[in-house]
C-alpha cells in the first residue's frame with residue numbers, strides 16, 4: 001500500500017510539473033514579434049505547390065504529385081506499420097489492413113475511392129494502407145485555428161497544424177517521429193476545373209480529404225479534432241457494420257471547398273451534415289462578421305460561436321477543447337493564443353501579427369507541422385513548414 005501511494009505521488013508530481021511547465025519559461029514565452037516574413041530557427045522552409053486537375057478521372061488526378069512523394073509516403077506508412085507491430089508482433093493487424101480493410105469499409109462516396117486506388121497504384125502501396133493513412137487524419141489532428149477581423153472589417157484566417165502526438169518520440173533529436181515525417185509530405189494544392197482555380201488547400205500527399213483550405217473571394221475553412229467519448233472510432237465501427245449515413249470529416253471539408261458557393265452555404269453544410277467523428281469546423285468569410293467556430297457532435301451541431309466585432313468579439317480561437325470548458329491542464333494553447341491576440345489588438349491584426357501569434361510557444365510546439373495564413377478577399381494563401389527548437393513543449 002505505501003508503495004502504491006509513492007507511485008501515485010510521483011505521478012501527481014510529474015503531472016503538476018508538466019502543467020506548470022507549459023505556463024512558465026522556457027516552455028512558454030512573451031508574445032513573439034516581427035517573425036514575418038518567416039525566417040530563423042522556427043522556420044523549416046516553404047511548401048511546394050501542385051495542381052490537381054478535377055477534369056481528369058479521379059483515378060489519375062494525383063498521379064504527378066504521388067510520383068514525387070511516393071518515397072516519403074512509404075516512409076511514414078512503414079513507420080505506422082512498425083508501431084502497430086510493436087504492440088502486435090505477429091503482423092496480423094497489418095495483414096488485415098492490407099487484405100480485409102477495403103472490403104470491410106466498402107464503397108467510399110464520390111470520387112474518393114477511385115482517387116485512393118489511383119494513389120495506391122502509383123505508389124505501389126497496398127490500398128488498405130492508403131485507406132488507413134486517410135483514416136489516420138480522422139483521429140489524430142491536434143491544431144490551433146483563428147479567424148480575426150481588423151478594424152476595417154477585413155478577415156484573416158490562421159492555423160497551426162499539429163499532428164503526431166504519442167506516435168513515436170525520437171530520443172536522439174527530441175522530436176515526434178510522425179510529425180517530422182509529415183513535413184516532406186506537406187503540399188499546397190490548387191484544385192482546378194477548366195484551367196481555373198476551384199479552391200486551394202494545404203494537405204499531406206496521399207490524403208484525399210482536406211484539413212485546411214479556401215475558396216478565393218468566398219470563404220476559408222480549417223478542421224480541428226474534437227475529443228469525445230462518442231468519437232471517431234465508433235463512427236468508423238458503424239461504417240464497417242453497414243451504417244453509412246454519415247460523412248468522413250475530411251471528405252466533408254473537401255466537398256464543401258469544392259462545391260459550396262458562399263459562406264452561408266458552407267456553414268449550413270458543416271452544421272447539419274452527419275459526420276463520422278466529432279470535430280470543430282473553423283470558417284471564415286469575405287465580409288465583417290463572417291467568422292465562426294462550429295462545434296460538432298457526430299449527429300448534430302452543439303454550438304456556433306460567431307464573430308461580433310460590435311460586441312468586442314473580433315476574433316475566434318479554437319484548439320481541441322469546447323470553448324465553454326477549461327482546456328486539459330497539460331495542453332492549454334487557447335490561453336496564450338488569446339493573450340497574444342489581445343496584446344496585438346484589433347487595430348494591428350494582419351498577416352504579419354497573425355504569424356507572430358502562431359509562432360509563440362506553446363501555440364507553436366513540437367507537434368507543429370505547418371502554419372497557414374489565409375486572406376479570402378485578397379486571395380492570399382501561404383503555408384510554411386515549422387520547427388520548435390528546444391526548449392519547446394512536446395504539445
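Quick reminder: no glycine exception, Cβ is built from N, Cα and C everywhere.
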Would you mind telling me which one of 286, 348 Swiss-Prot calls N-linked glycosylation site? 286
Have a look at 173, 195 and find the one that Swiss-Prot tags as N-linked glycosylation site. 195
Among 195, 259, 286, 320, 342 [recorded positions], residue with fewest other Cβ within 10 Å: 195
Residue 259 (N-linked glycosylation site): secondary structure state under DSSP, collapsed to three categories: helix
Among the recorded positions listed here (286, 320, 392), which has the Cα closest to the Cα of residue 162 (site 'Important for catalytic activity')? 320
How big is the gap, in Å, between the Cα of residue 320 (site 'Important for catalytic activity') and that of residue 342 (N-linked glycosylation site), rounded to a whole number? 20
Whole-number Å value for how far residue 388 (disulfide bond) lies from residue 259 (N-linked glycosylation site) (Cα to Cα): 36
